[in-house]
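J.: Okay, here's the structure, questions in a sec.
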């Protein structure tokens, strides 16, 4: 009997990607986050689609339309909470996924890694625009401050900002275009994810040992489909607990007031997942310098394959590099805390020290540790 999943043109693609895919037998739970990101994206697209059916992208009624969704639409409050907290879960999985890639040397699959960085930037752009849509106080001032950063670009800055705004300030035109872009970008993310997987399946998955796993591979199904299903249950449990019991924990209280261009928010800060980058931006007194540091903090991921000089791929057997990796994680957590604090001493100084340390760890200390560990391997 002909096995349809191995012969049908469409099912054959799915079979080679998710069923008969040869997978290293020793990949740990850290490899679960790729599938969790896929599920998170599906949750975001579905909840976002239902929200878009009731949301009105107009400055006069946007805030009221969100209130209407929560009060009058059947389970609208749940859809809205799942969408808002789903974004937090998405970014949590994203950061853990990138961290896993750095720890186990997955960045040496250059095409997969570079597409991943492009995906990160696209997801960040989507989330930034989504934050503007409820048209609360923090939405408005966040949009004003972040878009205004582009005015730091020499010669064309001011023109570029006004072009993005569609006027001389953040207004109706800005909200409408942000809604349109926020709606279309997740589908671009889905397309990029397919390209990401395409490149990954060209090489096969990395593994914790960082060695060639071709001698010991098992089919993806049923082993890793079961493992991913367990991860998904954990993700959904946390998301539902957050959305049902404490939906506003990660929100800013300022965003419960309607946007008022005449009243300035005392402390402008983005959602928690952007705080580390915001802290780096604020730590430099110069506007253009801050924007460049902000960009560099993300784009530095692109040069990671070039900075890898170790004879070993993974950090599993490299204690010095492991220590530096965990210092980098701690550094990012401190930057996240600093980003939420007001601009005053001692936070300014801590932010500046941590920003410098962040770049030094990646560009100087990690490559030095690589060389030192190579030297230690010599008999």
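Glycine is no exception: its Cβ is also placed from the backbone N, Cα and C atoms.
Summarising the annotation, Swiss-Prot assigns transmembrane segment to 33-53, 77-98, 113-133, 178-198, 226-246, 288-308, 320-340, 347-367. Residues or ranges marked as heme b b562 binding site by Swiss-Prot on the basis of similarity to another entry: 83, 182. The heme b b566 binding site annotation in Swiss-Prot covers 97, 196 and rests on similarity to another entry. For 201, the entry in Swiss-Prot reads ubiquinone binding site, with the evidence type similarity to another entry.
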J.: How about long-range neighbours of the transmembrane segment (288-308): same chain, 6 or more residues beyond its ends, C-beta under 8 Å?
T.: 98, 102, 105, 107-108, 110, 113-114, 117, 120-121, 124, 149-150, 152-154, 276-278, 280-282, 355, 358-359, 362-363, 366-367, 370
J.: For the binding-site residues listed here (83, 97, 182, 196, 201), which one has the lowest count of neighbouring CB atoms within 10 Å of its own CB?
T.: 201
J.: Excluding the flanking five residues on each side, which residues at least 6 beyond the ends of the transmembrane segment (320-340) place their CB within less than 8 Å of a CB in that stretch?
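T.: Answer is 99, 102-103, 269-270, 272, 274-280, 282, 310, 347, 350-351, 354-355, 357-358, 361-362, 365-366, 369-370, 372-373.
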J.: May I ask whether the transmembrane segment (226-246) has at least three C-beta pairs under 8 Å with the transmembrane segment (178-198), counting pairs 6 or more apart in sequence?
T.: no
J.: Grab the same-chain neighbours of the transmembrane segment (113-133) for me: Cβ-Cβ under 8 Å, and only residues 6 or more beyond its ends, written as numbers and ranges.
T.: 55, 57, 62, 66, 87, 90-91, 94, 98, 101, 106-107, 139-140, 142-143, 146, 170, 174-175, 178-179, 181-182, 185-186, 188-189, 192-193, 195-196, 199, 270-271, 273-274, 298-299, 301-302, 304-305
J.: Which of the binding-site residues 83, 97, 182 has its Cα closest in space to the Cα of the residue listed as 'ubiquinone binding site'?
T.: 97
J.: Where residue 196 (heme b b566 binding site) and residue 182 (heme b b562 binding site) are concerned, what is their Cα separation in Å, rounded?
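T.: Pair distance, Cα basis, whole Å: 21 Å.
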J.: Taking DSSP as the reference, which of helix, strand or coil describes residue 196 (heme b b566 binding site)?
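T.: Residue 196 (heme b b566 binding site) sits in a helix per DSSP.
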